[in-house]
Amino acid sequence: MGVPSGLILCVLIGAFFISMAAAGDSGAYDWVMPARSGGGCKGSIGECIAEEEEFELDSESNRRILATKKYISYGALQKNSVPCSRRGASYYNCKPGAQANPYSRGCSAITRCRS
């Protein structure tokens, strides 16, 4: 009388999981179930990247990457320049006494303003 194939399969799977449990955190079976770090980095990209990796790109590469975005102005891409050196002033309106955020949407149904 032969041994059922289902029983052999169950024994093999059980032996596999027992060997994984015995390996513990040695990393021998990371290809099956990769270990995950519980915390991870929850800060900004600059805080999560190691300091030596953060500044690997030269300034020309950084300017080219920033130039592909539509919301970066040509003035912001100038080398060694500060957009507005006045403390607390908006980058868009650097005049003394100017509003920091002068943008205002008009009254429409989506803004739910009352007239």
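Quick reminder: no glycine exception, Cβ is built from N, Cα and C everywhere.
What Swiss-Prot says about this one:
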SIGNAL    1-23  signal peptide
DISULFID  Cys84-Cys94  disulfide bond
DISULFID  Cys107-Cys113  disulfide bond
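Distance noted between the C-alpha atoms of Cys84 (disulfide bond) and Cys107 (disulfide bond) is 31 Å. Distance between Cα atoms for Cys107 (disulfide bond) and Cys94 (disulfide bond): 27 Å, as a whole number. Across the structure, Cys94 (disulfide bond) and Cys113 (disulfide bond) place their CA atoms 30 angstrom apart. Annotation for Cys113 (disulfide bond): same-chain Cβ neighbours under 8 Å, separated by at least 6 residues, are Cys107.
Over all protein chains present, the Cβ of Cys84 (disulfide bond) has 14 other Cβ atoms lying within 10 Å.
Take the CB of Cys94 (disulfide bond) and look out to 10 A: across all protein chains shown you find 13 other CB atoms.
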